[in-house]
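Here's the structure we're looking at; comments come further down.
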Amino acid sequence: MARTGRLRERLRWSKLYSFSCVRPSGPLDNEASYSLQGCSRIVYCNQPRVHRKKPLKYPTNYISTTRYNVITFLPKAIFEQFRRVANLYFLLAAILSLTPVTPFSAVSMIAPLAFVVGLSMAKEALEDWRRFMQDMEVNSRKVSIHKGDGRFGYKHWQKIRVGDVVKVEKDQFFPADLLLLSSSYEDGICYVETMNLDGETNLKVKRCLEVTLPLDDDEAFKDFGAVIRCEDPNPNLYTFVGNFEYERQVYPLDPTQILLRDSKLRNTSYVYGVVIFTGHDSKVMQNATKSPSKRSKIEKKMDKIIYILFTLLVLISLISSIGFAVKTKFGMPKWWYLQPQNTTNLYDPSKATLAGIFHLVTALILYGYLIPISLYVSIEVVKVLQAMFINQDLHMYDEETGIPAQARTSNLNEELGQVDTILSDKTGTLTCNQMDFLKCSIAGVSYGVGSSEVEMAAAKQMASEASNAPEQLSSSQDFWEDSGGGFGSSEIELESGINCTVEKPQKPRIKGFSFADDRLMHGNWTKEPNAGTILLFFRILALCHTAIPELNEETGGFTYEAESPDEGAFLVTAREFGFEFCKRTQSSVFVRERYSSSENPVEREFKILNLLEFNSKRKRMSVIVRDESGQINLLCKGADRQYLFHEPSSVIFERLSKNGRMYENDTSKHLNEYGEAGLRTLALAYRVLEESEYSAWNTEFIKAKTTIGPDREAQLERVSDMIERDLFLVGATAVEDKLQKGVPQCIDKLAQAGLKIWVLTGDKMETAINIGFACSLLRQGMKQICISTMNSDLVTRDAKKAAKENILMQITNATQMVKLERDPHAAFALIIDGKTLSHALEDDMKNQFLSLAVGCASVICCRVSPKQKALVTRLVKEGTGKTTLAIGDGANDVGMIQEADIGVGISGVEGMQAVMASDFSIAQFRFLERLLVVHGHWCYKRIAQMICYFFYKNIAFGLTLFYFEAYTGFSGQSVYDDWYMLLFNVILTSLPVISLGVFEQDVSSEVCLQFPALYQQGPKNLFFDWYRIFGWMGNGLYSSLIIFFLNINIFYDQAFRAGGQTADMAAVGTTMFTCIIWAVNMQIALTMSHFTWIQHLFVWGSIATWYVFLVAYGMSSPLISGNAYQILLEALGPAPLYWVVTLLVTASCNIPYLAHISFQRALNPLDHHVIQEIKYYKKDLEDQRMWKRERSKARQETKIGFTARVDAKIRHLKGKLQKKSSTFSIQMAS
């Protein structure tokens, strides 16, 4: 291949970049040899076969995120099933059923267990198969690999080996960790997007070693050979240590030459690289944690209930065995008809103790109905059906991408209703990486009449308050959407006749540009008093950047490949104002300037002398240019504030000269207003340089730039700081960071539901803060606590100790400040970076850090690695003991998604790694609101009620067996026919409880969203606390007593048939069983709040099924039905007593529960009880004011979200109005 790919790209970017793109001038000498202690990895480039054999034998590039494989599935899945206490008990009972002491046949014990376990394992296998198919989709991607003799061909990712030379083309993902050898740019520069790794969307510049630059086409690799000695696989994304041995020279390697798996090649036609780490050795996979086996809190608590029931089972079995031993010893010799002298060990009076032990085993099996074997399989069925409803919810279907919500595992449905803390990624999760230029301040004058989302929400809320019709934000009401086209205005008349008008711009036609103000548009800026300053403002936008223009041949216009979305928005803005950046050469930038729409553009050349790029320490960017008149200008843009410890300080303002502060006060005021509106801001400044001053500085700068050593960046920082002084303020920009659709509303709703939200991002602090403002996790007036590490020149050990002490002091002081705060409206936000977090997460400090974080309204962790995300998630999960949910969209979020109790992946455009590791996936963040507030609330309540009901019905049924056995001298006799007992859990009571778990709704989905505080019933565990659990157990105990003793006492000594016959055991048992079927089904009918035809069919159909079965069973041969032959048609049916007892017992069992819920609804109603009553009497339609008042009560008091922000804005505006009113009154009085 020839070098045609480099025609457009003959820019030697290393001449421009100062901080990150300067390569050492030559190989290492012996004195400066690179230390490679602990680094044993050897890579033979272009010789992949060498690495397949020992002693190297590096892994393949195949990856797997599944929980099982063909070999481990059976043992691991069986282990998972028998972690459940009930399954373990039934396994023991199934084994004992093979012995003579069992009261039931072996098949009747083994078959249900095999069915339950088999069904659960099949579900696990299906879910893991889906993960396997997604893994295969990644492993089957193709990339061009050197096959030998300078020929390249495509191979699957999974077949890549260490040492392979690969060619990656524009917009492709890197298939493994690579060493960059060359690129389509002449000097080996390439642009990489690491969004999947660290969440940052700005492009990173990578560059190859100068010695590998000639390897620029396929043929060049025909005889290529080199050796790489480097560090072993590790999870550190930002470090790399190694040497490159080529042509008998040794060259040092650093992170700027490494291309990491799952990052993407941008703005570069192609790169060549050699594979260093493959598969699970790659850094992104090293950051991944093993796919955990997650269980919900309800399921764990269910195990404790099983323990209680098992204890009860053992207790009554002991009572039964002791009673049997006593009866055998003292009663058996008198019962001559049992032939006590000719019996087995099971009934031998001389071995009563042994007989009692054997009877203990019999009793343990007989009373096994106390522990419901069908509970687990019923829950599995219910959860699968719940997951189907989640998957098919059209309100969570994204029409743009065609992606529905997906419950990838159904084990955690109920956990969705108990979430306390959400830990969210930023980039791609909250934001869609689109910046829109909205406002600006130039020469102390604010321009831009458009309104941000925050301003429009506040204006509409104040308008509704002014009209005495307060409305709260809801899912159905969008405060930032106007039905009118063009420019709409909200005019609010406040107290004393003061009007406030907020303009809303039309939906922007141009991506990145939402500005509207006729004073600057269409060349009108030339008529402004400070036209010269405005001209300079536009030129700074057009010149101070590192973007590349690309001509769109279809439209004839330019698009810009920028390192960050901000830069792209600034260039589009400059173009719309008539300053179009059109060309870049090695030394110049060309701008077409048009001062009015009637003029022809003039192309001006600005020579680039130096470029001081932006980084997280500098928080500013400068470019030194020479214009056509020969004047040298330094143009600078930077953050208007940075946060050091607790106090904000300005980056640009502190560098202004005395004469350059003319517009400082006005600009500061505008910056604060923009911040209140949720916009991200930058300040712009300039300085004119004398030729002699520049020459002297440039000499120092070149010296620092070519320095090789650990202090190179510090020297560059010092020299840059020398020239970025005595600046003149020009103005400021305000850009709206476009969040994903519905993110502010979703966060607001989740905050009203009482959820805490943390943001964990790999982005820089100022970007994270701006996003925090945009989505209302932060707001003006919120006190920001910024924890950061101090700079120290001490030796390493002392520096670390001093840094830890300093961080601990900051945390302690901040905690004290939060505790001493008395203002009820005060809110704190904790902001911490990854370096500081590495100390804060250590064992001796993490509890103090967590205590501070929990006390803050919002927490933002920035510059964090994937591993730190997982560690923070673990700290919150284990430290608070509450349910955590992690949500993200990239490979860098996999760790926290797997570590959290619930992991939610967003199926965005940047790969599917997060989705593959998640428990639930959604297309956009906004769908999280419905997933939690609606489905989470429903699933929690359904599962909780279903489990409680299951234990109730099994206790009510199982204890009657114990009572009868005690009544019959602990004989081990069951009062019920074997078929009755088999059908009880399988058919007669299973479908109603499944319908409860699938269809039950205390309130509709619309009401759930209108009353978000209902969600708190889950985190507070109102429906599955021990009070409610023991209440249901007590109800089961009461029902069992009523069912048994009423039946026994009524049937004991009187005739029940017309012929005067008394009841035998079959008649009593069948009547008791009929009472149980009626009682438990009536109980579930009373429990349900929402009936569909399916529930009616299942509840009343179960009762009807019992009678149909009884008729059919009675009509079968006596060899099959035994004592139940024609029992309903001939014995029980004609007897009025049978029907009277059924009615009496059913009513007696359910009247106490009916009285309880009536008392509760009348005197101590829960939130959903009140709403149900309002909806039933249609008060929501008849009395709108009452309905709105109830809705306003139904939100948790919160200090984050749009509602809290609007409230704060209203308090601020009302305060200003009160001041104006008081001033006006004083003036009138005087």
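A Cβ is built for glycine as well, from the same backbone N, Cα and C atoms used for every other residue.
On a predicted model such as this, the values are computed, not experimentally measured, just so you know.
Database features (TrEMBL):
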type	residues	note
ACT_SITE	D425	active site, 4-aspartylphosphate intermediate
BINDING	D425, T427, D889, D893	Mg(2+) binding site
BINDING	D425, K426, T427, E567, F614, K637, R680, T761, G762, D763, R863, K869, N892, D893	ATP binding site
COMPBIAS	464-478	compositional bias 'Polar residues'
DOMAIN	43-110	domain 'P-type ATPase N-terminal'
DOMAIN	915-1165	domain 'P-type ATPase C-terminal'
TRANSMEM	85-103	transmembrane segment
TRANSMEM	109-126	transmembrane segment
TRANSMEM	305-326	transmembrane segment
TRANSMEM	357-379	transmembrane segment
TRANSMEM	950-967	transmembrane segment
TRANSMEM	979-999	transmembrane segment
TRANSMEM	1029-1052	transmembrane segment
TRANSMEM	1064-1085	transmembrane segment
TRANSMEM	1097-1116	transmembrane segment
TRANSMEM	1136-1155	transmembrane segment
What's the CA to CA span in angstrom from the residue listed as 'active site, 4-aspartylphosphate intermediate' over to D893 (Mg(2+) binding site)?
7
Integer Å value for the Cα distance linking G762 (ATP binding site) with D893 (Mg(2+) binding site) is 10
Do the transmembrane segment (357-379) and the transmembrane segment (1097-1116) come together with 3 or more C-beta pairs under 8 Å, pairs six or more apart in sequence?
no
Near the Cβ of D425 (active site, 4-aspartylphosphate intermediate), how many other Cβ atoms are there if near means within 10 Å?
28
Long-range Cβ contacts under 8 Å made by the transmembrane segment (1064-1085), restricted to residues 6 or more beyond its ends, are 949, 952-953, 956-957, 960, 975-977, 980, 984, 988-989, 992-993, 996, 1035, 1039, 1043-1044, 1046-1048, 1051, 1056, 1099-1100, 1102-1103, 1106, 1110, 1122-1124, 1127-1128, 1131-1132, 1138, 1141-1142, 1145-1146, 1149-1150, 1153
Between the transmembrane segment (1097-1116) and the stretches 950-967, 979-999, 1029-1052, 1136-1155, work out which stretch tops the count of Cβ pairs under 8 Å.
979-999
Comparing 979-999, 1029-1052, 1136-1155 for Cβ pairs under 8 Å with the transmembrane segment (950-967), the winner is 1029-1052
Cβ atoms near G762 (ATP binding site) (within 10 Å, other residues, all chains)
28
Looking only at residues six or more beyond either end of the transmembrane segment (1029-1052), which have a C-beta under 8 A from one in the stretch?
305, 948-949, 951-960, 963-964, 967, 1062-1063, 1067-1068, 1071-1072, 1075-1076, 1079-1080, 1083, 1137, 1141, 1144-1145, 1148-1149, 1152-1153
Can you figure out which of F614, R680, R863 (the binding-site residues) comes closest in space to D893 (Mg(2+) binding site), comparing Cα atoms?
R863
Helix, strand and coil totals (DSSP H, G, I; E, B; other) for the domain 'P-type ATPase N-terminal' (43-110):
31 helix, 2 strand, 35 coil
At the level of the C-alpha atoms, what whole-angstrom distance separates R680 (ATP binding site) and D889 (Mg(2+) binding site)?
23
What residues elsewhere in the chain lie close to the transmembrane segment (1136-1155), defined as a C-beta under 8 angstroms and at least 6 residues from its ends?
956, 1035, 1038-1039, 1042-1043, 1046-1047, 1050-1051, 1056, 1071, 1074-1075, 1078-1079, 1082-1083, 1086
Using C-alpha atoms only, work out the spacing between D889 (Mg(2+) binding site) and F614 (ATP binding site) and round it to an integer in Å.
26
Confidence summary for the domain 'P-type ATPase C-terminal' (915-1165), mean pLDDT rounded:
88
